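Asker: Please see the structure below; I have some questions.
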Amino acid sequence: MGGGSARSALTLASRTLRTRCVTYLPATSASLQLLEAKSLTGRPENGSSSGGDQHIFSKDSWQTLLTFAAAGLMAFTGSSFSVAAGAPVLTEDETAENAGRASFKSTNPRVIFVLGGPGSGKGTQCAKIVDSYGFVHLSAGDLLRAEINSGSENGTMIQNTIKEGKIVPSEVTVRLLQKAMEECNSNNFLIDGFPRNEENRAVFEHVTGIEPEFILFFDCPEEEMEKRILSRNQGREDDNLETIRKRFKVFLDSTVPVVNHYETTGKVRKINATRSVDDVFDMVQPLFKHFVQDDLLWATEELLRGIDTGDYSTYQRLCHPKLTAFEPEAQGQLVEGLDFHKFYFDLGKALKSSSGTHGPAVQSTIVAPKVVLLGTNAGVVTYTRLQQIPSSPKAGHTSAHNETRVWERQKNDAGEWEWKHIHFHRSAAPTT
Ligand SMILES: Nc1ncnc2c1ncn2[C@@H]1O[C@H](COP(=O)(O)OP(=O)(O)OP(=O)(O)O)[C@@H](O)[C@H]1O
Ligand SMILES: Nc1ccn([C@@H]2O[C@H](COP(=O)(O)O)[C@@H](O)[C@H]2O)c(=O)n1
């Protein structure tokens, strides 16, 4: 399992990450499934692959890749990732906050507002971001249309407002968004078509207390947007020339001022949306890759915390049942499955109860972590792990190991994407 088994706190050092993207390596079996996945909104274009220059590897190739990675033989081309050593150690509060994020659920969700004129391609790009980066897409327009169809008492008012191309009262829209967020087992949200005006923005902020990470703004000329909407063909009541023109006016009068507000806070990420769907997505992707890198690092931290505290249920939740490992405890052999590692959790528990001691905790420090993405569904985290072991017979001893941990994003039984630890390599670090 890679390390000590007594109680511990995890201290994190050296984790200042510069998050420009790293390596573009091929898709795994999970991403093949993703490419086939249908969109949440059911729009036909959403099922397509992100295209581009990715190659698809078979499962066998993936195993080979892992073996090479584990043996340190794999060169990650195009890497521009760098890590600064010696960053400050996190406080206990920060560590606790990280624990929340590592499990992808916290009271502080990651929200990105997606804005742009009607027909600029917001929904199309959101579907691609969902496919590749595991965000939940909440379209304010879709939620309002669903509310009409649910027969709600507000239905007629919402329907008339949409037909007129006007903006629905904010408390209605914010309530729908808040409910959808609460019902979702996710910490990452793309909120599309919102905030449409200053009132939307103020009510959302007041009700939820959430500040967006950034505003993804699709910039597109009116004639292009008009052409796209008129050929959208989804049976929307507002996709007619008269309403489209009204919506353009509302966009200029009410939504552009919101974008301007966020400009002053440095949060707008403006994308030229006139190019093809795949070209636009190529411009969008760099804005999301660092989230994946952060999540992998959080997941690794949570795993180590689980090991240090003897918390097997956390370890089991984060690891694939067929986890493979090279580690000193396995005497140079590749071990597969969790039983080998569970032995050490059980041993730690038994030793603790027989000695009856409750001494200070084992403490792990991650030094110089690097996160390399292999496509969007797999990643490798490497670092040196220092473990301070308080108990005898090695009281006060610090061990140093180099660890390489491979993660794959997979769908769980509930159909949700989650990261699973699938392989690690751990060896003693040369001491200085
Ligand atoms: N880059 C693009 N090039 C050409 N067509 C596109 C592009 N992006 C989206 N489209 C098409 O334009 C239409 C409008 O796109 P989409 O529904 O994503 O826009 P939107 O910004 O979400 O619109 P709305 O605000 O009205 O809901 C769709 O039919 C979509 O297939
Ligand atoms: N925050 C919002 C978002 C949408 N509306 C109304 O829905 C219409 C369609 O929205 P799309 O994002 O799907 O284009 C829009 O024209 C508004 O009437 C809203 O009121 N508030």
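Glycine is treated like the rest: Cβ placed from N, Cα and C.
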Asker: Out of Arg232, Arg236, Arg305, Arg317, which one does TrEMBL list together with Gly119, Ser120, Gly121, Lys122, Gly123, Thr124, Arg275 for ATP?
Answerer: Arg232
Asker: The ribonucleoside 5'-phosphate site in TrEMBL lists Arg145, Lys166, Ile167, Val168, Gly193, Phe194, Pro195, Arg196, Arg236. Which one of Arg245, Arg247, Arg269 belongs there according to the record?
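Answerer: That ribonucleoside 5'-phosphate site, as TrEMBL gives it, pairs Arg145, Lys166, Ile167, Val168, Gly193, Phe194, Pro195, Arg196, Arg236 with Arg247.
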Asker: From the binding-site residues listed here (Ser120, Lys122, Gly123, Thr124, Arg145, Pro195), select those whose CB sits under 6 A from an atom of ligand 1.
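Answerer: The ones that qualify, in sequence order, are Ser120, Lys122, Gly123, Thr124.
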Asker: Taking the Cα atoms as reference points, how far is Lys122 (ATP binding site) from Gly193 (ribonucleoside 5'-phosphate binding site) in Å?
Answerer: 8
Asker: Of all the Cα pairs drawn from Gly119, Ser120, Gly121, Lys122, Gly123, Thr124, Arg232, Arg275, the residues the record ties to ATP, which distance is largest, in Å?
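Answerer: Max Cα-Cα spread across the ATP binders: 17 Å.
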Asker: Out of the binding-site residues I have (Arg145, Ile167, Gly193, Asn200), which ones have their Cβ sitting under 6 Å from ligand 2?
Answerer: Ile167, Gly193, Asn200
Asker: Using C-alpha atoms, which one of the binding-site residues Gly121, Gly123, Thr124, Asn200, Arg275 comes nearest to Arg145 (ribonucleoside 5'-phosphate binding site)?
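Answerer: Closest by Cα distance to Arg145 (ribonucleoside 5'-phosphate binding site) among the binding-site residues Gly121, Gly123, Thr124, Asn200, Arg275: Gly123.
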